């Protein structure tokens, strides 16, 4: 082969990748993925796998939560576990990830009890499918949220923040119920994508009790530095919290009106020029 | 009660659904549902018992009662006795032998289609090995058409899937261009919208329609939104080629998806009335996947592979252009790892083809499944050998909207080369005419930017008019 014939064929339209995170214009070796692009993909997949399988550092998270200072926070954090004893069980048995272990039920009843009067809000942090997402975004988000709640016209009485390992979204229903909370918000690590291994999701449920379905929840997704910022997410959540409290509902009947718009973005369809 | 004796041991299976579930190769979804065989031996005994069952049993013993489920009613009411006649004397075990034998020619397989129920297909599938599923599927020919012809022998098409997390028009257009220049998109240009409402769907439909018309692309477009949204889009005079819907194999699953058979009939009539097809009139695009019935708590104790096959009865009723089993998307609680995903992909493709459907497969996995690109390479190659009608094509395998990995534009070219497959004939001619490919068989992409696309790119920031890359 002569030196002038490149082994890898570049794509003339590669510059378009500035317009999207999609892996376009990768070029080709023959008709296959060039080595550099192939390994970049393997790295992204490895990071996403690690996000699923590496344990949430609960000691560190508990210490960070204990150090969180806000006038709305009156109790220290509580650590709990679901009935899924390990990651492999967690991945195959979503039902177990939705239920607290007996020990955790006892502990919650003992420690987290807030008296006879209901509290306005219980916050639950669950590892879900991305320990990265929880580790990275929980504190920045809660900082923003505490500021918003502190400044809100409503008074917000909060239950102790709960951290739960091997937890799914619905475990918040049981926890909120046991804490006698009017409303529960679950912060959970979202299923990692290749370009977003570190994403946190929020699920709001009014009147939490065991047996509710996703139809009674509102979700805010993709909270991460390169996605929805912690401050913007906390503003949207407080909007939903106020509306939920006012209408005493959540889920399908509680519409986030900010989402009804058609998204108008991008330069235009350059293919039509 | 179904009984079986092996040596001095007697086995019992409570119902036909129980026997079918126990006979199913192991997978996490059936374990989650609590209906799986308790031991490896029990599974094979169930398969032996199933093999002795006459095919006629499935016409008399409905897995989900006729009175309770419109999918059961569809299956039994539409059963074609004349088509069934040549195989009516067979047991499930004999049916496997017959399918593998030289008696089952492509013509004969087409003749018996309407006589095979989803449950018969599911039952025989459970006693077939992977190579059996491949061999028989490769003999089943199913061809459909709209502006391109899909499923001809020696052809393999792709859905170009230019999804974007915010439906950004430039981002979507960039992925469409990338795909077209890699020879992808002859099955459909199909977008999963990030914002699922009618206004957004209409906007995306216009985007794709304008591109198809400007470049004269012999393909069709689809926005994968709810069937009722597409009906509204048609009422608003939007350029709808195909109607999309995710479907399941029980009435309750479909109810959880927000439609019934009447909704699909109405949508199909509406799409047909637009008369937008040029070489055919298949106007429906369905997606399915094992586990959806369990996920909707609507499985009636029936195993997930049988529920999936029943979804094909729903699809078959509406004469679709494309049926896509999205095999690894649902997650490890239904299909745990690469081995289970591979098996399910081959099962779905086989059952769909046997029932006469234009089967494609979204060969895919999520990051919490025990699977990787090597598993996808394997399933891609196996389905290529089995004659799968179409696969997905996405930039670099990474769907940045749905957060999962599926087959790439490169993957499709790999399969075409190693298995000597070609794109749909109309699209293949277009690729050559537009100088996107050097050859006439859709295997060798041209090196530079084809003339027809230069003007579009010339105006983009940082782009030189000749389309060459500026010096780095």
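The backbone N, Cα and C atoms fix where each Cβ goes, glycine too.
Features reported for this protein in TrEMBL:
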- B:159, B:160, B:161, B:192, B:287, B:362: substrate binding site (BINDING)
- B:193, B:245, B:295, B:401: adenosylcob(III)alamin binding site (BINDING)
- B:441-472: region 'Disordered' (REGION)
- B:461-472: compositional bias 'Basic and acidic residues' (COMPBIAS)
Cβ neighbours of residue B:160 (substrate binding site) where a neighbour is any other Cβ within 10 Å: 29
Pairwise C-alpha maximum, in angstrom, for the residues (B:193, B:245, B:295, B:401) that bind adenosylcob(III)alamin according to the record: 22
8 Å Cβ shell about B:159, B:160, B:161, B:192, B:287, B:362 centroid, substrate site members excluded: B:163, B:188, B:190, B:224, B:324, B:392, B:394, B:406
Rounded inter-Cα distance in Å - residue B:160 (substrate binding site), residue B:245 (adenosylcob(III)alamin binding site): 17
C-alpha spacing of residue B:245 (adenosylcob(III)alamin binding site) relative to residue B:362 (substrate binding site), in angstrom: 15
Fewest other Cβ within 10 angstroms of its own Cβ, chosen from the binding-site residues B:161, B:192: B:192
Proximal residue to residue B:295 (adenosylcob(III)alamin binding site) among binding-site residues B:159, B:161, B:192, B:287 (C-alpha distance): B:287
DSSP three-state assignment for residue B:160 (substrate binding site): strand
Neighbourhood of residue B:245 (adenosylcob(III)alamin binding site), C-beta criterion under 8 angstroms, separation at least six: B:226, B:227, B:257, B:259, B:264, B:267, B:284, B:285, B:286, B:287
Cβ-Cβ distance under 8 Å to residue B:193 (adenosylcob(III)alamin binding site), same chain, at least six residues away: B:167, B:200, B:201, B:204, B:223, B:224, B:225
